[in-house]
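K.L.:
Starting off with a structure, shown below.
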Amino acid sequence: MEESSLRIIAATMMLLTSLIGITFNLTIAISLFAKFRLNSGFLVICMVKSMANNIICAGCLVWPVPITYLNFYYLPEFYNVLAGQIIGWFAWSYSPTTQILLAGNRVMAVYFPQSYHAKYKYSPNRIFLSFIFVLSITISIPGFMNGCSFVFQLELISWVPESTICSSRLSLFFTHFAFSMSFISNTFNVIVFLKLVSDAKTAKVSSVQHLNRQRRNRRMLFQSVCQDLIIAVDTFNTTYAWSFYPALWFQFLVCSYSRILARTLEGLVMILINESIREAIRTKVFMKTKQKNISETPATSTLASHSKNIVASNRLFSVRINH
């Protein structure tokens, strides 16, 4: 494939995937923000995570997509450095740390439900999210130093650290940081999984509320695991997989497209798995209310069944008396 054709294909792939990613994540952010005060800690984390994903997808639309189409940098070098800190170092630090919050939120929910549902003057999740945001920005600042940047290299159609000792050290730091956060997050996921399995084995008779809570915890755990896997694969692509094959199209896929695709898939996972997010989108974005069918509830279903049996018995009794 000719290089010019590959650039057009690469730019189009980034453009379409970024637009889809913005659609997914912006829809999540708007729907959850509309009822921000009512959201659980888990949904607040999902909302903030979707906002960060939007920044990354929008950043790709503003910088890599147009310069790949144009085949030249349309703004000074500083803007390449700025985009690299937002899409590169910031994303590498923010995504894994918010995953720890998602997994930690589930640990609190299943092991310490009373503390989890308690009312706090200052929400712990929001305090931690603020801390993580400040931390991610702080550790991204060294990338603005001369020779320490993470930039979009037009010749490779890829995000790469500069060929300097400073950039190499920063890249190594963020690699270890991302994988360490992923390890902690997945450890939390395993702990939650073991607790859910234990509860399922020991519980003999459970209330409908307890069963619904268990089902919700399983789905949220599954969501957390899926997002952890997406981030781990993206981190592996941008740190190790690029060295497997030198072809330009492969470098583009693992060092550039993987980053956008990961944020798009995260939005898709949140929508497909999380019922609360889907309900928020339906009510706050599409302005539709859920039609409740009373026959679906266990109590009304049982009551209806008993009523039918009583009516049938009365009819049989009436027939016997008449005869």
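The backbone N, Cα and C atoms fix where each Cβ goes, glycine too.
Note: TrEMBL annotation is automatic and uncurated.
From a predicted model like this one, the values you see are computed outputs, not experimental measurements.
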K.L.:
According to TrEMBL, which of these ranges is transmembrane segment: 172-194, 241-263?
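P.N.:
From TrEMBL, the annotated transmembrane segment range turns out to be 172-194.
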K.L.:
Can you tell me the mean pLDDT for the domain '7TM GPCR serpentine receptor class x (Srx)' (16-274)?
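P.N.:
For the domain '7TM GPCR serpentine receptor class x (Srx)' (16-274), the model's average pLDDT rounds to 87.
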